[in-house]
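This report concerns only the one structure given below.
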Amino acid sequence: RLCELLDNAGRGWRKLAELAGAEKRFRCSAEELEMCSLKVLEPRGSPTQCLLQLLAERDCTLRYLLGCLERMGHEQACRVLSSAVQDGIRITVQPESQVVAEGTQVSLTCCATGPPGLMYQWFCGRQEVPGATSSELVIDTATPAGQWYICRVNCGATFTFSRWAHVQVEKSSSPSSGSGYCPSMAGLQILRQPRPCRLAEGDTLVLECRAIGNPPPQYQWFRNRRPVEGAQAPQFQVKLVTTAERGSYSCHVFNLFHEVWSQEVDVEIGEGPRQTSVTPHLLSWRAGVSHSVTPPSPVLAATDKVALLIGNMHYLHHKQLQAPIVDVHALGALLCQLDFKVVSLLDLRKAEMQMAVDEFLLLLDKGVYVGLLYYAGHGYENFGNSFMVPIDAPSAYTSEHCLCVQRVLQEMQQRRTGLNIFLLDMCRKRNLNDDIIPQVGVLEVTANIVFGYATCADAEAYELSQGELSNGIFVTFLKRWLLEDEKITVLLDKVAEDMGTLEITRGRQALELRSNLSERRALTDPIRPPGQDESSARNLQWAKAHVLPESRHLCFDCGVTVQLGFAAEFSNIMIIYTRVVAAPKDITKCEARLTDIPEELDVDLKCTNKESPEELGSPLAPVWSLGCPSCCLYSRICGLQKLRQELAFTVCLQYRYQGMDDFVEERQRVNVGRPLIAKLNLQ
């Protein structure tokens, strides 16, 4: 009914998206809005339904949605939604994480509105807290062990959970507290001060400031007396820092009534007077010349900007790499902020790489302002031609087994793209197994080509590894400058200068820039508002590669309802999660697992049906899991480009009745079509 009311150009879905975007986490990007608008081209497509799905995946509440409709003045839509809001359970007061002094008591509060007869149950970790069935939980903090708490609010079979709250206990006699803490004392007091440190390039910088107060304290970190964006937690951490992070750090702690500053500490690096923190724990193989800069000219307007990002890691016959997953994701997120249409893919065989490039070329035509290709993986350079190595290349590979970058450029030129950018994060050593000189043909003189090589000719490119996370040297510095409003060649020059400050790769890796760009073209140049080209092949191709299956509810004969949801890690990697949302009272335990996943996909059974996102083994879990509900089982499905038919699997529900020891099992077969990149039929 909402779709019928809002699928129009007046007080419709676009106005709803604008009002909902007042809260940052519900703001839709230009690409997402375009994807919604393209739904009108489908037989039963609805832009409103697509928008509501995006909001639902970000945990938008019905009450917030109703508030947006009220601000729109859409009385009919408000009436449709009002009854649903009144029947739901809404948590109005969430429990807050706290740091408390040892020996004191602390209370956590969770308040909710909804139907009459709401019931509360507090949990400590996975265990119920006996007798904790009111909206307030009082905790005795006699022991210094920190714990996580959550509250379930239910009315019959309908329930919802609060946010997690962490209670950390500090010894009041701790030397870092500065002075003892009096429980009756009003105001705000710092229990743990940050400490100065001296580190080397590649290390992780960790500063911590812990405080106690009522209301609970909030934090903001400062470097050189300027606020650090996004640093609003008690612990401040920077991985793989360089001299750019050197300086004096302090933390501003405040609540509604009080404020206090931590002591200011210096962070130093190496032997010089400059401060920072970094050290390489592992260097592994992976694979600038300055130039005259043209005078700035008026900023140009872009009609469209598209990017293909490929990261190859898990080679069948060569050294495994670690950094491409992090680098491709980081670069893709930044390019999306610049309104690029981004397709990001991991671990492609040669045929899949070629098909991906072919689809990328379909996105390019005379109306495209920027076409950007980024590749991270193994590579080499012979006779002036660069080659990208797919994951199935044999041990003694030649150009026959790889993709030639110059051939891709030649095809891009035929599409008449305004600016062609290649960012090649790979080695450029000679391949002694390959003595063939490929006949690429003559490139056109177009004055619109930029090559950014992560390293010089006949040299390696490196990645920094620390723990589970790795970054390529190139992207580590590139992401610092990518959002700057600079001509692309000037931007890459600055990246080259920054890379030159890293001691561990000095003399071994340096960015090389090749360009014949004659105009001031920048990645930040704005896109003209989309007009009648919304139905163009370019937009359709891009939209198809980004469509997730719709979340759905499966109803089983026993009365259990299971939510099946989806999230995208890359264009060819999807997360599927299952969650029991309703169950009869006589069923005491139940869970829904995925089975019978097609063998053609890269699915590690050790990465399916996990109770937490982190157990899937992906370093990006903290990113995509933000939009997923709690209390789920997660499965990571890789290699979607290999699908030859629609993705079908089985949801297996196992449950146990009260007073019985044996589990009962029910199964449902589910078909979710061709998700994400599988729609492009790269096979």
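From the backbone N, Cα and C atoms, a Cβ is placed for every residue, glycine too.
Copied over from TrEMBL, here are the features:
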| type | residues | note |
| --- | --- | --- |
| DOMAIN | 89-162 | domain 'Ig-like' |
| DOMAIN | 183-268 | domain 'Ig-like' |
| DOMAIN | 303-431 | domain 'Caspase family p20' |
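For the domain 'Caspase family p20' (303-431), the number of residues in each DSSP class (helix H, G, I; strand E, B; coil) is 40 helix, 37 strand, 52 coil. Mean model confidence for the domain 'Ig-like' (183-268) is a pLDDT of 82. DSSP labels the residues of the domain 'Ig-like' (183-268) in these numbers: 3 helix, 44 strand, 39 coil.
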